[in-house]
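Notes for the one structure printed next.
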Amino acid sequence: MAALGSSSQNVTEYVVRVPKNTAKRYNIMAFNAADKVNFATWNQARLERDLSNKKIYQEEEMPESGAGSEFNRKLREEARRKKYGIVLKEFRPEDQPWLLRVNGKSGRKFKGIKKGGVTENTAYYIFTQCADGAFEAFPVQNWYNFTPLARHRTLTAEEAEEEWERRNKVLNHFSIMQQRRLKDQDQDEDEEEKEKRSRKKPSELRIHDLEDDLEMSSDASDASGEEGSRTSKAKKKAPVTKAGRKKKKKKGSDDEAFEDSDDGDFEGQEVDYMSDGSSSSPDETEGKPKVPQQEDGPKGVDEQSESSEESEEEKPPEEDKEEEEEKKAPTPQEKKRRKDSSDDSDSSEESDIDSETSSALFMAKKKTPPKRERKPSGGSSKGTSRPGTPSAEAASTSSTLRAAASKLEQGKRTSETPAAKRLRMDTGPQSLSGKSTPSSGDVQVTEDAVRRYLTRKPMTTKDLLKKFQTKKTGLSSEQTVNVLAQILKRLNPERKMIGDKMHFSLKE
């Protein structure tokens with residue numbers, strides 16, 4: 001450049017030549033300043049391409065003809081790519097990263113990744129000075145950022161899993177030791193508290209350790225004393241009501257029912273609440289005298305005796321004397337019946353049904369008009385009320401009738417046969433009391449019935465016994481089992497073990 005005006009500055013001119021066609025391509029290697037790269041210490045350097053990603057871009061090699069080939073496979077693959085807009089990238093070695101190894105195997109390793117978009121809006125040139133003093137400018141093609149690779153060997157999947165298990169063991173060990181320390185601390189604190197208690201003055205010494213129990217027992221005794229005084233006052237003011245006695249009776253009868261009952265005993269009673277005909281209207285209940293509502297379920301001998309005791313209080317002393325004379329005889333028999341009822345729940349239910357039917361027959365003979373008859377529902381008598389459920393008329397009848405009915409029932413019980421049972425249960429719906437009893441003719445243990453059940457699906461003996469319940473058939477449990485065994489021998493059904501249980505089935 002020439003000097004400008006009168007300025008005395010010396011300017012040196014350089015010639016820069018830009019070659020049009022060059023075989024060489026220049027790239028820039030960028031290192032991070034934190035890596036502290038010093039080229040003066042490099043004795044040996046090796047640079048090579050990382051071609052490990054070549055497998056990703058390669059297509060599966062399939063034979064075009066012969067065994068294993070597909071017709072027009074390439075054409076169909078191209079059509080699929082066009083349909084979904086898939087553009088395959090070609091594997092270009094110049095786009096792959098560089099691997100730089102310095103000073104042999106023991107030296108450092110660097111990986112250079114190509115930085116895209118560097119030469120889009122800018123142009124970088126490398127100037128080299130020639131022997132004649134002129135500079136040659138070469139454009140930069142690519143820019144690579146080099147980062148050091150980790151020297152340590154990475155773990156494989158199996159090694160990583162082993163290390164993870166070891167870590168869990170170590171953490172568990174630490175947690176266990178921490179728990180032991182906490183326990184030891186708690187024990188030390190407890191021992192210190194005991195020592196402090198033992199060091200107290202002798203005036204504070206107490207013989208009984210359970211202070212809370214003593215306080216609770218004293219409170220309970222005070223409360224029981226107050227309750228006793230209240231009950232004595234209540235007895236002086238008014239006589240004991242029936243409701244209070246009925247609650248006590250319910251507790252005892254509930255316990256007995258739950259102890260003696262078996263699976264499926266009360267399955268036949270599930271339909272009892274479906275009909276509304278047996279439920280009396282509120283107007284009728286207002287007109288009637290209040291009768292205690294007894295619990296649902298079979299009525300035992302204890303309940304009959306208690307209900308008779310209730311009726312004693314309402315009667316004049318003349319009837320009390322007559323009833324006492326009649327009651328003296330059946331007391332040992334009642335004890336015997338209690339033992340029988342605890343042995344077999346099914347037989348107890350059947351005996352209760354028989355007792356009710358016999359009492360109903362006796363009432364029909366005496367022709368004692370009930371206070372008010374309950375209208376049974378329009379359906380069958382079986383669905384309206386449970387067997388053994390006491391009605392309002394049964395509660396209001398005289399005790400003499402009850403005692404005579406219990407005698408009659410005890411006499412019949414000794415010589416009880418299945419045929420007599422059926423006859424008595426069939427005559428039950430004809431009673432004047434309006435009480436409904438289940439008829440024995442509804443379900444019968446027959447060969448056709450068993451065959452019908454077994455052709456539907458495989459069943460166990462327990463399932464068959466549930467189908468033929470004692471309430472429906474009128475037979476005892478032992479008789480039902482014997483009849484079923486004989487029918488199964490005649491039918492000779494197929495036997496299969498399903499879930500560790502023997503199932504019987506028949507084919508049509």
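Each Cβ is built from the backbone N, Cα and C atoms, and glycine gets one as well.
Looking up Ser65, Ser203, Ser224 in Swiss-Prot, the residue bearing an annotation of phosphoserine is Ser224. Here the candidates are Ser305, Ser433, Ser439, and Swiss-Prot annotates Ser433 as phosphoserine. Checking the candidates Ser217, Ser253, Ser476 against Swiss-Prot, the annotation phosphoserine falls on Ser217. Record note: of Thr147, Thr389, Swiss-Prot gives the feature phosphothreonine to Thr389, with no matching annotation on the rest. When you go through Lys24, Lys169, Lys366, Lys407 in Swiss-Prot, the residue listed as N6-acetyllysine is Lys407.
There are 9 other Cβ atoms within 10 Å of the Cβ belonging to Thr156 (phosphothreonine).
Thr156 (phosphothreonine) falls within neither a helix nor a strand when secondary structure is assigned with DSSP, and so counts as coil.
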